[in-house]
Amino acid sequence: MKALVKTRPEPGLELVEVPDPVAGPNDVIVKVMRTGICGTDVHIDKWDGWAAKTVHTPLVLGHEFCGEIVELGSEVNDLEVGQFVSGEGHYVCGRCRACLAGKRHLCRNTQGIGYAVNGAYCQYFVMPAGNVWVHHIPDLDPDVAAIFDPFGNAVHTALQFPCLAEDVLVSGAGPIGIMAALVAQFQGARNVVVTDLSDERLELAQQLGLKNAVNVSREGLETVWDRFDMKEGFDIGLEMSGSGTALTSMIDNMTHGGRIALLGTPSTDITLDFSKIIFNMITIQGVTGRQIFETWYTMASLIRSGLDISGIITDRYPITEFREAFDVAGSGHGGKVVMNWECLD
């Protein structure tokens, strides 16, 4: 079969032949239909400092995917060949304190597909049956099914705190930031304000229904307070950018008792004024991945209830044009990029 592989510790990827997978007793094999490109995949493609420290080559990339089950392991009896699925990309140990308490998203021994172990950028992907998510939404677009992983990051972050009737600030209008803002708005937030430095990404946010998109290189958040008759600041902050400047500004603009969820990962050290956090009694909650599988149930319910995230996918390519797809994904413009594997059939 074909797979998209980081063959050597240097920039670039190759679409090459690799052995077909073999299912263990508790595994399934999925015929991959679509895959999304994550920022992690871009880092590995470019072979930056993080990738050089983290990834061992050769490695099959990819953790955003959907496809059809084509084979079941001998001990798998609760899934069926032909089911349309995605998968939870975090493999957990099942034996640590968190796993035994049912908090698998907190497993200290987590391994991520596509960077710690081989991933889903391949025609046929084998994974544990316990990581498979079956899509039961009628007529779900495979492109949307392929991005349930990052959608889950957005949902997990946006729903850290109840946002009904609250004023919500989202810093970072990348795909996950926009999806988080859409979730907050869909859940009944009073005002949702999205900030970024990119007019292109803010325009995409507006096209998807987030009318309060602010370029903070030209407009300060204090003008937003006036626009929405805000007297005390934002109730909830969702920091999606990894920018120290954005986090500092968010803290400055929170109401007393405000709550911040952090998903964006800083690339450098950040200096914070802890006196503001302490005396304003601000709660800061770190977030990674998804709750397994509670977030997946929530995602499916949101889609069934009418939340439309399809517009976040702005570019689609056959896998044979992966180089163009990765160049677009790495440009920092636009939304999600999805690659189609069915062209290899």
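Including glycine, each Cβ sits where the backbone N, Cα and C put it.
Among the features that Swiss-Prot reports, Zn(2+) 1 binding site is placed at Cys38, His63, Glu64, with the record citing sequence analysis. Swiss-Prot lists Thr40, His43 with the feature active site, charge relay system, giving sequence analysis as the kind of evidence. Taken from Swiss-Prot, the feature Zn(2+) 2 binding site covers Cys93, Cys96, Cys99, Cys107, and the record attributes it to sequence analysis. For Ile176, Asp196, Arg201, Leu263, Gly264, Thr265, Val287, Thr288, the entry in Swiss-Prot reads NAD(+) binding site.
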Could you state the CA-to-CA distance between Leu263 (NAD(+) binding site) and Thr40 (active site, charge relay system) to the nearest Å?
14
Please state whether DSSP places Arg201 (NAD(+) binding site) in a helix, a strand or coil.
helix
Coarse DSSP state, helix versus strand versus coil, of Asp196 (NAD(+) binding site):
strand
Of Cys38, Cys96, Ile176 (the binding-site residues), the residue whose Cβ has the fewest other Cβ atoms within 10 Å:
Cys96
Other same-chain residues whose Cβ falls within 8 Å of the Cβ centroid of Cys93, Cys96, Cys99, Cys107, the recorded Zn(2+) 2 site, in sequence order:
Val92, Gly94, Arg95, Arg97, Ala98, Leu100, Arg104, Leu106, Arg108, Asn109, Thr110
Among Asp196, Arg201, Val287, which are recorded as binding-site residues, the nearest neighbour of Cys107 (Zn(2+) 2 binding site) by Cα:
Val287
Would you identify which of the recorded positions His43, Arg201 has the most other C-beta atoms lying within 10 angstroms of its C-beta?
Arg201
Taking the Cα atoms as reference points, how far is His63 (Zn(2+) 1 binding site) from Thr288 (NAD(+) binding site) in Å?
15
So what sits near Val287 (NAD(+) binding site) in its own chain, CB-to-CB under 8 Å and at least six residues off in sequence?
Asn153, His156, Thr157, Gln160, Ala261, Leu262, Leu263
If H, G and I count as helix, E and B as strand, and all else as coil, what does DSSP give for Thr40 (active site, charge relay system)?
helix
Cα distance (Å, whole number) from Cys99 (Zn(2+) 2 binding site) to Thr265 (NAD(+) binding site):
24
Which residues of the same chain, at least 6 positions away in sequence, have a Cβ lying under 8 Å from the Cβ of Cys93 (Zn(2+) 2 binding site)?
Cys99, Cys107, Asn109, Thr110
Within 8 Å of the centroid of the Cβ atoms of Cys38, His63, Glu64, which other residues of that chain place their own Cβ, given that this set defines the recorded Zn(2+) 1 site?
Thr35, Gly36, Ile37, Thr40, Asp41, Gly62, Phe65, Gly89, Gly114, Gly119, Ala120, Asp149, Pro150
Specify the count of other C-beta atoms within 10 Å of the C-beta of Asp196 (NAD(+) binding site).
26
